[in-house]
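Record features (TrEMBL):
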ACT_SITE  D111  active site, charge relay system
ACT_SITE  H185  active site, charge relay system
ACT_SITE  S522  active site, charge relay system
COMPBIAS  167-176  compositional bias 'Polar residues'
DOMAIN    11-78  domain 'Inhibitor I9'
DOMAIN    103-566  domain 'Peptidase S8/S53'
DOMAIN    344-434  domain 'PA'
DOMAIN    637-734  domain 'Subtilisin-like protease fibronectin type-III'
REGION    167-191  region 'Disordered'
Amino acid sequence: MGSSSNGDREDVEAAELSHLQLLSSISSRQESQQMSLLHHYFHAFRGFSAMLTESEASRLSGHDKVLSVFPDPVLQLHTTRSWDFLEVGSSEQARSQYHHPSNDVIIGIIDTGIWPESPSFSDEGVDEVPQRWKGTCMEASDFKKSNCNRKLIGARYYGIQSSISNGTGAESTKASGSPRDSVGHGTHTASTAGGSLVANASYYGLAKGTARGGLPSTRIASYKACTEEGCSGSVILKAMDDAIKDGVDIISISIGSSSIFQADYLHDPIAIGAFHAEQMGVLVVCSGGNDGPDSYTVVNTAPWIFTAAASSIDRDLQSAVVLGNGRTFKGSAINLSNLTRSKKYPLVSAKNAAANFTPADEARNCLPGSIDRTKVAGKIVICIDTDPMGSTRIKTLVVEDAKAKGMILISENQNGVPFDSGVFPFTQVDHVAGYKILKYISSAKYPTANILETTTVSDQRPAPTVASFSSRGPGDLTENILKPDIMAPGVAILAADIPKNDPGSVPFGKKPSKFSIKSGTSMACPHVTGAAAIIKSVHRGWSSSMIKSALMTTATFVNNEGKPLKNSSRSLASPHETGAGEISPYRALHPGLVFETTTKDYLMFLCYIGYSQKNVSSMASFKFRCPENSVGELISDVNYPSISISNLNRHGSARVVARTVTNVGPVNSTYVASVDSPMGLTVKVNPSKIDFRQNARRVSYNVSFDGKEAPGGYNFGSLTWSDGRHSVRTVFAVNVK
């Protein structure tokens, strides 16, 4: 129902009564209608969720006070060394150099809940809870108020709720559930973003080191909005509304829709909640999705959302294959194998172990029901990965169920992303190694092999690289905003987890691990959140867009070999994969210049993309009118820290884009522009030198793009402003047609 006024925030009962009255105006139900209201939103924005028939929803959508009505979507979860790799510094530096109690940052994690007993949420050495905190620690049968502390300062959950009117508009709400995490995803993301220092953390000895979040002084508030089955959009909205009311500084959401079924901005619960969070000064960081490496797969692309892509770090988890002829091949896996190192086991291709009447291709892919267990029991089985119907998890379950000794997967999918097979011996090799292993099978009379237990390999090069699964731009809803925004570690990340004792997950004689290793843009998102918290702790007065700009314009665009970033295919990575580049948190503390993107800019964006004056006005917390000339190409003029032009006509005139920068460095500064553009694309900056003085903190400039000589398709480059101490880099993507 649009933006909230101050009165709406203060008078909860009046808001709930108005929702009930609105619902009754479109429904003929009497007693049952009182049970249909599920959630009220009244702090950051106005609205509610309810159980409605299609005809009731249709009537409600035509009401003057209603901005949008949409079915409640089910969104999906996007699922140590990483902070060292980002050069965040030593634990002492992270704790003391920038820390002051009044600057403690509160992060709201909307996810699957929290495991409060994890050492990552210890409050040892943490100051008292900030006085501005207004949240709560909800109790349940397995969760007490004492589970919260000075580190984990809040925990909410959203169960099955029913609303029973008491006749005054107020309601008594009963909810079932608990803030406790039963999946592990929320615990992992929370500890990555803001976990305490935990020495000698590891996953059964793998990836051993000090686990921590970006800044040890960060406070965490958990909002359990998801289960293993997914996340209700209406519950995510309620969690966002609560988080804003509770007083969080940053909201971290490692959740999103499918890239195939993306809703527009006014029907996307995360985009709606994030818009109103932005209006109230709360930064929202989201994962970009795991549907890569295809283009047009990135989600959570609203310009007011900080969208994260995933990268590798300089640590790898490898499990080698040793053949009977002595040859060894490197594989990627997380396996806690108990195979005897000195022994060799019979080796068989799944194609040669097909069940009766099973096509060979199904057997080669180790699909359910395709393998004759009498032919594979006690042997190591080789599977391939050419059928999208069979995930790695399914293949390992099929082979393990057939009583095989282990499995070798030949695949380039998820290259460099280790799969966790627990104690079952497993490894994944590339096509080159796979070809040689299959050749050995065909030539050896009694082929044998062994799969070695995973080892941690450090100082991997090149790193970072774009993760194969990380969703790519351009955005499907508009190509005139460059997405994703930024890249952060998301491959094989060690962080806290719930202790799991599932069969086959714990090595014999060991206790369940308090940590796990996960991959996904879900893991990249809390790294960006933690980096934003570092900046917020030093620059309390900076807006969300200033923090976002600082991280984007100081991002790293070279790897640890000093060469341009690459993707998992070893090709040069583009901004549609990396955004502005890899986060560099401490460089971002002193960016020199920032791009301030205001609520007015975001409202203009909604006008340009085609929303009506009525709808845009309802979103605003102040009087606002759309410009008469509101067309999609003007989106490129929104004051964003990157530039994207979806259609540059090579036969037309140059396209001119405007930007304004704010000086947050030395008062008297002069910056000079330099351009790195591809051959054929002419890029000019006017003026090419800008001066800042005491009374001139903001300066505007124009960038013109001429594609007469440029190759067709997207051309990528960057514009950098430098004063000799600061380099302020803006990446651009220009589609020449």
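A Cβ is built for glycine as well, from the same backbone N, Cα and C atoms used for every other residue.
Around the Cβ of H185 (active site, charge relay system), a 10 Å sphere holds 27 further Cβ atoms from the protein chains shown.
For the pair S522 (active site, charge relay system) and H185 (active site, charge relay system), the C-alpha distance works out to 8 angstrom. Sequence-distant neighbours of D111 (active site, charge relay system): residues of the same chain at least 6 apart with a C-beta under 8 Å from its C-beta are L77, D181, H185, G186, T189, A190, S222, Y223, K224, A225, C226, S252, I253, S254, I255.
Using a 10 Å Cβ-Cβ cutoff, S522 (active site, charge relay system) registers 30 neighbours.
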